[in-house]
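Asks: Have a look at this one before I ask anything.
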Amino acid sequence: EEAIFLRKKITLLRAFSLLIGSMVGSGIFISPKGVLKNSGSVGFSLVVWFSCGLLSMFGALCYAELGTRITKSGGHYIYILETLGPLPSFLFLWAEFFAIRPANSAVVSLAFGRYMLEPFFAPCAAPVPAVKLVSLLGYYMVLTLNSWSVTWSARLQTALSLVKLLALALIIVPGMMLLAQGHTEHFQDAFDRQSLVLDKLPLAFYAGMFAYSGWFQTSFVREELVKPERNIPLAVIVSVITVIVGYMLTNVSYYTVLGTQDVLASPAVAVSFVQRAFKSLISVVPVLVALSCFGTMNGGIFTFSRTLFVASREGQWPPLFSMIHIRRHTPLPAVMLMFPLVTAMVCIGDIYHLLNFFSFSRWLFIGLATLGLIVHRHRHPELQSPFKVPLFVPVSFTIICLFTVAMSFYSDPVSISIGCTMVLSGFPVYYLIIHRQMSDRCRNLFSMSQDFLWTKLPSFFSTLSDYLTHKLQLLLEVVQQEIKTY
């Protein structure tokens, strides 16, 4: 009897938990290897970690201002749509659905499976098929929860945020204790310039920024936030500073206990750290890390479903995905849509190739979104935003993002070319289906096909199901009669 819409259920604490829960996930437990491998030395890797944190703070401040200027949910998509137009926003949506989001979810799921099984197979590596099976089971559990209840998804995110901070504390405390005792041997010659390869630095930044990724999550659920003008900037600033401090201390702890070769040889850095420093927690820390990854999966599904929901509402995605469950108030079709692609990527993918594959597209469009902030300021100087950052922040962030994207073509041309091709493949789809200037005949044909797919087809299957059920009942009655006769 009342209107169906997404309720305002995300308070400041839940917004903070969403950001912490999305940032502190698999990244800090798998990315140290990628950062060290591509930066070349301990010292340069720590510089990369701090630089990534500073860059994330710049991006988070830009998104906080965009969130106070543009009142719709949808994150990158809605910001690009409102500032740069429908074509780049559709290309982002296309790349996000077919490349960025499923690859990201697959990376986090695989990390979850690896850490969950690590205590059962230590000191050996867990079998790859078992890791992928557990990864999929974890992803399906999160998918079911987000289909069931917004409130319970938010509560789980709050609880797992505490688990994530506990997991970091269990790594930081023993590492700092050993450092205080004088274990600094792994920091000798920390800035070895001979091992630095400049064209690999973009990949080091990709790995570091992946660990920090999640600072933009509140922008996806803007319409569901309580007091967004106040809570978005506050949650963003506090959470990013917390994560920067935690990540720097965690990496120092890693390098206090593990040498360069130990980190590069480890498939699960946190587990190797515990095996060396704190053997009494050998079965506890991997489970905490796995729960951290579980929280990141939950946050990713929670926010991306809102992107599809908003894109459908804006007319750039099939209408089915703007529908909300009548009783549960969850965007059920949008939540379930990622199921097949993530399953495929988990089955065939490798963490580090997937990382490079989706990072190109993600940072390209994040750079375009902050470019859109500059454009929006120029077009609407009369708009008084309750939160405003200095102009050099979006300018510098945009330049660094686009420069890193351009440099990555030299670092990993194969993975980056695949990502670029995925983005460019959205052009013909946009002009054939979405573009407003297409012929009426094509428009009518598309509308008829949509009407059939999303309206007629379900009723057809419902009628067919009723028919088959009726025939099956008749068949059972005949069989029962024959049995009685016999």
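Glycine too: its Cβ is placed from the backbone N, Cα and C atoms.
Annotation source TrEMBL lists transmembrane segment at 12-30, 42-64, 76-100, 120-142, 162-183, 203-221, 233-257, 277-297, 332-354, 360-377, 389-410, 416-434.
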Asks: Taking 12-30, 120-142, 203-221, 360-377, 416-434 as candidates, which has the most Cβ pairs under 8 Å with the transmembrane segment (233-257)?
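Replies: The stretch I would name here is 12-30.
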Asks: For the transmembrane segment (42-64), which stretch among 12-30, 76-100, 203-221, 360-377, 389-410 has the most Cβ pairs under 8 A?
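Replies: Answer is 203-221, with the largest number of Cβ pairs below 8 Å.
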Asks: What stretch of 12-30, 76-100, 203-221, 360-377, 389-410 shows the most Cβ pairs under 8 Å to the transmembrane segment (416-434)?
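Replies: Stretch with the highest Cβ contact count: 76-100.
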Asks: State the residues, same chain only, that lie 6 or more residues beyond the ends of the transmembrane segment (360-377) and have a CB under 8 A from a CB inside it; answer 'none' if no residue qualifies.
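Replies: Sequence-distant neighbours of the transmembrane segment (360-377): 59, 62-63, 65-66, 69-70, 76, 79-80, 82-84, 88, 91-92, 95-96, 99-100, 104, 206, 209, 213, 216, 383, 391, 394-395, 397-398, 401-402, 404-405, 408, 415-416, 419-420, 422-423.
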Asks: Cβ under 8 Å to the transmembrane segment (203-221), counting only same-chain residues 6 or more beyond its ends: which ones?
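Replies: Answer is 10, 15, 18-19, 21-23, 25, 27-28, 31, 33-35, 37-39, 44-45, 48-49, 51-53, 55-57, 59-60, 63, 66-67, 73-76, 79, 104, 107, 231-232, 235-236, 239-240, 243, 247, 296, 299, 302-304, 306-307, 355-356, 359-360, 362-363, 366, 404, 408, 411-412.
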Asks: Can you work out which residues elsewhere in the same chain, 6+ from the ends of the transmembrane segment (12-30), have a Cβ less than 8 Å from its Cβ atoms?
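Replies: Distal contacts: 107-108, 111-112, 115, 154, 157-158, 160-161, 164-165, 167-168, 210-215, 217-218, 221, 225-227, 230-232, 234-236, 238-240, 242-243, 246-247, 250, 268-270, 289, 292-293, 295-300, 302-303, 351.
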